[in-house]
Amino acid sequence: MTDNIPLQPVRHKKRHDGKRRDGCCPWSRCCGGGDFRPRTVWLGHPEKREQRYPRNVINNQKYNFFTFLPGVLFNQFKYFFNLYFLLLACSQFVNELRLGALYTYWVPLGFVLIITIVREAVEEMRCFLRDKEVNSQIYSKLSTRGTVKVKSSGIQVGDLIIVEKNQLVPADMIFLRTSERNGSCFLRTDQLDGETDWKLRLPVACTQRLPTAADLLQIRSYIYAEEPNIDIHNFIGTFTREDGDPPVNESLSIENTLWASTVIASGTVVGVVIYTGKELRSVMNTSNPRHKIGLFDLEVNCLTKILFGALVVVSLVMVALQHFAGRWYLQIFRFLLLFSNIVPISLRVNLDMGKMVFSWMIKKDSKIPGTVVRASTIPEQLGRISYLLTDKTGTLTQNEMVFRRLHLGTVAYGMDSMDEVQSHVFSAYTQPPQDLQASRAQGATKVRKTISSRVHEAVKAIALVHNVTPVYESNGVTDQAEAEQHYEDTCRVYQASSPDEVSLVQWTESVGLTLVGRDQSSMQLRTPSGQILNFTILQIFPFTYESKRMGIIVRDESTGEITFYMKGADVMMAGIVQYNDWLEEECGNMAREGLRVLVVAKKSLTEEQYQDFEARYVQAKLSVHDRSLKVATVIESLEMEMELLCLTGVEDQLQADVRPTLEILRNAGIKVWMLTGDKLETATCTAKNAHLVTRNQDVHLFRPVTTRSEAHLELNAFRRKHDCALVISGDSLEVCLKYYEYEFMELACQCPAVVCCRCAPTQKAQIVRLLQERTGKLTCAVGDGGNDVSMIQEADCGVGVEGKEGKQASLAADFSITQFKHLGRLLMVHGRNSYKRSAALSQFVIHRSLCISTMQAVFSSVFYFASVPLYQGFLIIGYSTIYTMFPVFSLVLDKDVKSEVAMLYPELYKDLLKGRPLSFKTFLIWVLISIYQGSIIMYGALLLFESEFVHIVAISFTSLILTELLMVALTVQTWHWLMIVAELLSLACYIASLVFLHEFIDVYFITTLSFVWKVTAITLISCLPLYILKYLRRRFSPPSYSKLTS
């Protein structure tokens, strides 16, 4: 069968970035880390600990005080390029090998190292200050002396910490007490797992019952906690109170935990710290920052190895032509030193300084304000991205839900017609009962009345079927108790596990039906006329990922009616509601608009029906075997022939200009993958809404798989699809990668877009790593939360979006932006320019060195292969510094098209993905140009000089300088005033320095007409043919960008 995938063993590639995978430092055993073990933690008594625990500090630095200098030097000299120059400089201490003054070798090397050390020191200092800011956040701690202030870094295992509302949890804690009356609190976990839903957390029952928080220090109690691990969704532990009568034992689970990097969303809580530092769940889910080396640097390193090979070959040829006479092995070393210019030391300096200029340009760009470059070593990487991996919540979306559509089947209400809904609700609660009877008797406006009652029923259902709790806070004028008593509108905020639910309740408030009160057993709604409607909550069936729906049974206190309301996803609700011919079509229409669709239905129950249901429900809940199945069966007996009330459409608002930005990236040849911790339906909806998946593209929903055979069948089904976007859950992805890593990645890489939902933070990093290994292409990861840090650090370019979710992602990233839309300009303009300029700069520096090396080779050949330098002392240093450095370095200001054109035609970016600006082909062209020009200048000088050797030096050196200046002018595509200044300044420096160079150049000879015409003739012969070739190429085979600029 052709579709079958051959069953192959999973192949793992070795990484070459030297990155540790174990998440700990090599000294962890002696730092108090060691093996992770379970622990007993006494409440409020950190001194009773049985083992050493790590300090509660955040550390994003690559080095410490002692490892900084050795670390930086090792990172510099582990590359062939720098090691070569170190050996070269050291060789000058040997008398037989010395060719000139020591400073000619040590000054350039020292300059390179100083620049590198200063740059790394600045970055490390910035990192240290950012970490210090996070570690210095102040928290309140309960102690025997009362409440004391403590820094985040001073928190220890066993401390009792008070965390206020909207404050970040500083360490992994067990939840002991809350100020909330209902005895629970909500937690925002989007920084940890990427999920937008708030999580409900419950305190330990024994400690919540204590009269005051101070009593926590008076009781003898401890917590037994499992060893630290990576699982953020599970926890096993026990709470024991020894001085109780009898002693109290409570089991602890995930709902009693407050993990670090989460935010308290309601009330003030007290917790006991159980894990700190690198044992935190959030830290264990992030990988160590690695020293990123750009692909461009690796390519340049490869070219320098080729140049070194050429250097060795030339040296051997020279000695061979001497027939290996005398001490030939010393001659080889002398020639290696003589031609050492073939491998230019100034290349590293120019590229490093160029990167600093590119980073400065990014920071100063007014079109992308607030952008920060944290890794100034890789700006040119931005010009070659093939895969963009983005988070959803807070990166593509604002995480702000807005109610957009109410659909009743025959009529739909959008944002512009909400006043009609409001008038229907108003009339339903303000029309006197006798008027209703009169209108019924007359049979007047029958349709109107039907629509009105249907709207009222729909709004009432939406106001009742949810898990939202209104909470009242003092606003400076009204205190909390008074606000709660009078249902003060200005003091009320809604709390729920999902922002979707809050948006629905806020919408019912806007049309006149307000949720004003709720506890475990009742709910209060306020009508437009101010009347309070009381409902008793009889049963709640919460939302689960399996059922995809939630239900509630309420009794209206005024009429005694019992109603079962339900809302859920259309795929589940279609089989539950009565037959209709519009549900499927309208759900599809709303989904295409990028709205999250919920179907709302109801069923009226008699007292007998409810009592019968309750009896069966209680019985099912008491069963020991198959409890969940029996409970689900009982609930399903109610979920039949329900009356369809309406559809609701809620939009998770996208960040500004997300759609055009994604379109730009797609047109630039970049494939976008969305990796999110959110639900499958939400992720798919956002992907469609953001046009990550285009309208005419099919979407393949990868079915949940748990076994090898299921994964095999599903991969075969996916293989038959063509040009369709893939949507897969984290669990299925894990199974596929376990058994069919190669096959899955091969198929996924062919998709125009991929959406991975329910992704754990480490899974995001794993996907990035697999993409790098399988495709060999560059990846860019974009995120805004703590759960994106691993992905950002793993990618070749990490971009953090600074937003509501805090700064954790942006601090760990290589580049930090304030909005997702800035990514387009960052890649299309700055990435493209940085790469093209770096390529031009590196090739020009190589050309400059090869020119002088060719001249040296010609000179040595003519003078019987003598290992004598052509230029000595200051001439050789001045050539690559003051005489040519400024014009060559000014190429960092060059650009082929304006930034507006680069944004308008993102297809220009696609050309860079093939790596053409710096390839073996372009390198070879520049090598040939260098050999041609070096030969012309040297042979010209040898032919035209008259009597003295110094005339050869004067003619050839002047022609060389002029040739370099003219070649820069030939290469420039868009002139900048600084480029002209650099050219003129260099020429002026050379002319002025001739006065001091009488040791090397005959000053009187250079003032003669003979010198001028000879230099002019040689320079013209070396440059004119190249100018003619450039004109012909522009005329008959222009590059793509020149068509746009003309």
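Glycine too: its Cβ is placed from the backbone N, Cα and C atoms.
Keep in mind that TrEMBL annotations are predicted by a computer and have not been checked by a curator.
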Which range of 103-122, 743-762 is transmembrane segment in TrEMBL? It is 103-122
From the ranges 66-88, 871-893, pick the one that TrEMBL records as transmembrane segment. 871-893
Interface-richest range of 306-325, 331-351, 923-943 toward the transmembrane segment (871-893), CB pairs under 8 Å: 331-351
A 10 Å Cβ contact count, applied to the recorded positions Asp391, Asp788: which residue has the minimum? Asp391
Sequence-remote contacts (6 or more beyond its ends) of the transmembrane segment (103-122), Cβ cut-off under 8 Å? 63, 68-69, 72-73, 76, 82, 85-86, 88-89, 92, 345-346, 348-349, 352-353, 356, 376-377, 873, 876-877, 880
Among Arg596, Arg758, Asp784, which are recorded as binding-site residues, the nearest neighbour of Asp391 (active site, 4-aspartylphosphate intermediate) by Cα: Asp784
Looking only at the domain 'P-type ATPase N-terminal' (45-105), how are its residues distributed among DSSP helix, strand and coil? 31 helix, 0 strand, 30 coil
Given pairs 6 or more apart, does the transmembrane segment (845-865) have at least three Cβ pairs under 8 Å with the transmembrane segment (306-325)? yes
Residues of the parent chain within Cβ reach of the transmembrane segment (331-351), under 8 Å, 6 or more residues beyond its termini: 81-82, 84-85, 88, 91-92, 97, 99, 108-109, 111-112, 115, 297, 300, 304, 307-308, 310-312, 314-316, 318-319, 322, 838, 841-842, 845-846, 848-850, 852-853, 856-857, 860, 867, 869, 876, 880-881, 885, 888-889
Given the cut-off of 8 Å on Cβ pairs that are 6 or more apart in sequence, determine whether the transmembrane segment (949-970) and the transmembrane segment (306-325) share at least 3 such pairs. no
Spacing of the two Cα atoms, Phe543 (ATP binding site) and Asp788 (Mg(2+) binding site), in whole angstrom, works out to 27
